[in-house]
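> So that we are looking at the same thing, I have put the structure below in structure tokens.
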Amino acid sequence: MSRPVPLLSASGLTKAHGRTPALRGASIELHAGEILAVTGASGSGKSTLLHCLAGIVRPDEGSVTYDGRRLEDLPEKRLSELRRTEFGVVFQFGQLIPELTALDNVALPLLLAGTDRARARARAAEWLERFGVRGQEESRPGEMSGGQAQRAALARALVTGPKVVFADEPTGALDSLSGEQVMTALVHTARESGAAVVLITHDAQVAAYADREVQLRDGAVAPLGVTA
Amino acid sequence: MIRMSTRHILLGLLASGPSHGYDLKRRHDERFPQARPLAYGQVYTTLQRLVRDGLAEVEGTDSDGGPERTMYRTTDEGTHELSRWSGEIAPPAPFVANEIFAKVVVAILSGGDPAGYLNAQRAAHMERMRELTAVKAAKGADLATVLSADYALNHLDADLRWMSTTAARLTTLTAEVDAV
Amino acid sequence: MSLLRSDLRLAWELTRGSDRGEWWRLTLTAAGAALATGFALAAVTLASLRGNTDVSVAAGLLDEPGTRSGVIVGLLLLLVPVLGFLGQCARIGAVHRDRRLAGLRLAGATPWQVRRIAALETGLACLLGSAVATVFSVLLLLRLWDRPNVLAWAGIALVAVAVPVLGAVTGALALRRVVASPLGWVRRVGPRGGRGPGLLFLAGILVVAGMALLTVATTSTAAADRPGGGPPLTMMGAVLAVGAGAVWLSGATARATGRILAVRARSAATLIAAERLRDDPWSAARTHAAVLLVTVVGTGFLGIRQVLGDVVRTEEHLAASESYYTTGLDLTGAAIVIAFAITLSGLAVGTAESLATRRRGLTAQAAAGVPRTVLGRALLLETALPLAPAVLLAGLGGMTIGTWYAALSGRPVPWATALVPLAVYAACLLAAATSLPLLRRTLRPGELRYA
């Protein structure tokens, strides 16, 4: 029996920030609908790996293939479109535009895709409701609690029905209860919509939400079960 | 993990009214999901000890069409003992008796592979954490399930952290253990 | 004294260790201070002249007290765009600086210590600019004027000292928030109502206006018999009223535009720009106000110039040579062009700064797939949207001045000046567009790493 073709795969990724190497030959595979945790100590290259996988940065060497397309062959314009339509991203903070209301923030990807404003806002409202952000539709990110803002950010990442959600320490700035709510919301929605998730975290309790764990050590994937 | 006192838990379950052994076992497993299930034998021996110590007494028997069952109820002394116990502070880790740590030290002493052991143990811990998280995050999980899973998850997480730092300091530990 | 020395050392260490933005701020602040010093020195030196003299430059325009006072007022008016420019410079890296100084507060520095350090940072930059400008001005002055009088020297000394002192005071005053709370920045909640910057700018204009009035009043007395003192004063008053209105108008239009468009926006770029305007309509008010002022003056001046040129060419009997008039007009024109150039620089600096402050957020947007073109368009719209109605109104104001003057002289209305607001608008968009390449550079994933 042959293994199914992975949805997203990377091989031999290297990337240096200036003279500091962040990735040294990392390889990884992600299957459709799979929730994959990437763990590792600070500075092990987790975020850089996510940036390469999501086409946010181009690796110095190595290749990233998504759905049969090699990301390094795509121009920035196409990458940007890919991130907007097929991918969703959630960071520790900062992905919401501070001047826009929660509703407009969630509606933004739809607006960019050409949906008209009223329809986009209606869809955004549904998503906010799904993530339990109620009565805060017209609040700006600064007026919401960290957990609510992060759930709004998840709604924004998932509103376009992405195939892969990239989450970089999505609970990093939250207390454990808010973090639990955010993770439960993420896992449930991903399962329902069949989206795969790449979850970067240094927290084992967050990593335990995933189906599988990959550990990074010194910019490469550590052999199974080896601690950092 | 702090060992649970079956005596007191049964006393607590009896506090809501007389009950028989089978019912007590069922209610225990319901209240404490993810805990080690109580064996019938253990329930009956514990009940007999409670009666012996005057904390519970036999209410009567009840057949209800099926096999005959002995009904127990709590005594005043039992109620008193229960309130004393539930208000008592559990001693915070009186003895450091950690199996994982013991195995690491023994592995070093006997020239084994402590790093390999820690890796395998870590993988097993992670696997168990994934299971518990799946139980906790399942749609419609009740709060008791979530809380008991959380309790275990936090302890496993503590073990994991300890294993991570220990793995990173194995060289120093080996030198120390070998020097003694 | 040792206290000052330790503060000075801290200020220097902080500056030395800071990023490029901080150096940009200091360099631009020094440049602005140099400009301000230069204009103020020229004005002070001219003001020190008494009665009719013989000045070798400017075709005799500076010989008589009446025209001289006009030139002085013009020089002082040039300080307005310079103030706007300096205001923009003060904002460069403001967020970063606030955080750094808040760090000092957390580390136990007293409010006054933080104030002193901030004042020293800005004051030293201003001192540098003022020193350079003073040295060159004095050298130039000695070539033109063999023995400047005591009044001139006193004035020069006063300006050279006043500029850095004022800079230091402003630097300290701008820190109210950080000084009040060691945590520095407050969580952004809803649209801000602060008119602080606008008020500060207004205060600056009022100071300049007061000085201008004083100048006209004192230097024109010798020519009281001539009907030259009245109209310039009226004009000054009108221009200043328009300028003060411009700050308010610019802020108000920004807010109104934001409020109206935020509801109706159909595209992402418009929505982002509109919400940003609604959130902080006063941030751009300073530069925009200077733009409006230049538009009024520029449009009005071109009208007057056209009418006057017409008069000079056709009139047989002129009080002075033709060059006397054309030189006056050319000088004024040059001053307006300089003012406009400074204003545009301020606008460009302001746009670049607004980009730099938001770089992390913008990078996150780009990472989430918001196309750069949308972000760039939003950036331009932030300048373009509120400026359109404001420039239109300012242009109308300028046209009114021109038309009024034409009617006074019985000449045809100078319609061609209607092009000025359009040109100003286009130039402003270009100035804002200069930061687009910066946007490209700003969107680096390195910004996504946590602070």
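Cβ coordinates are placed from backbone N, Cα and C, and glycine is handled just like the others.
When I checked TrEMBL for this same protein, it listed these features:
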DOMAIN    C:76-180  domain 'ABC3 transporter permease C-terminal'
TRANSMEM  C:26-49  transmembrane segment
TRANSMEM  C:69-90  transmembrane segment
TRANSMEM  C:124-145  transmembrane segment
TRANSMEM  C:151-175  transmembrane segment
TRANSMEM  C:196-217  transmembrane segment
TRANSMEM  C:229-249  transmembrane segment
TRANSMEM  C:289-308  transmembrane segment
TRANSMEM  C:328-350  transmembrane segment
TRANSMEM  C:387-407  transmembrane segment
TRANSMEM  C:413-439  transmembrane segment
> What are the helix, strand and coil residue counts for the domain 'ABC3 transporter permease C-terminal' (C:76-180) according to DSSP?
92 helix, 0 strand, 13 coil
> Taking pairs 6 or more apart in sequence, does the count of Cβ pairs under 8 Å between the transmembrane segment (C:328-350) and the transmembrane segment (C:413-439) hit 3 or more?
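Yes, the transmembrane segment (C:328-350) and the transmembrane segment (C:413-439) are in contact.
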> Are the transmembrane segment (C:124-145) and the transmembrane segment (C:413-439) close enough that 3 or more Cβ pairs fall under 8 Å, when only pairs 6 or more apart in sequence count?
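Not in contact, no.
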> With pairs fewer than 6 apart in sequence excluded, do the transmembrane segment (C:69-90) and the transmembrane segment (C:124-145) have three or more C-beta pairs that lie under 8 Å?
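Contact absent: fewer than 3 Cβ pairs fall under 8 Å.
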> So which residues does the transmembrane segment (C:151-175) touch in its own chain, when a touch means Cβ under 8 Å and the partner is 6 or more beyond its ends?
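Result: 29, 33, 36-37, 40-41, 44-45, 47-48, 86, 90, 94, 98, 101, 114-116, 118-127, 129-131, 134, 137-138, 141, 145, 200.
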> Six or more residues out from either end of the transmembrane segment (C:387-407), which same-chain residues have a Cβ under 8 Å from its Cβ atoms?
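Same-chain contacts beyond the ends: 235, 238, 242, 246, 249-250, 253, 257, 288, 291-293, 295-304, 306-307, 413-414, 417-418, 420-422, 424-425, 428.
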> Would you mind listing the long-range same-chain contacts of the transmembrane segment (C:289-308), meaning Cβ under 8 Å and 6+ residues beyond its ends?
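Non-local partners: 77, 80-81, 83-85, 198, 201, 239, 242-243, 246-247, 249-250, 325, 329, 332-333, 336, 339-340, 342-343, 346-347, 387, 390-391, 393-395, 397-403, 405-406, 409, 411, 414, 416-418, 420-421, 424, 428.
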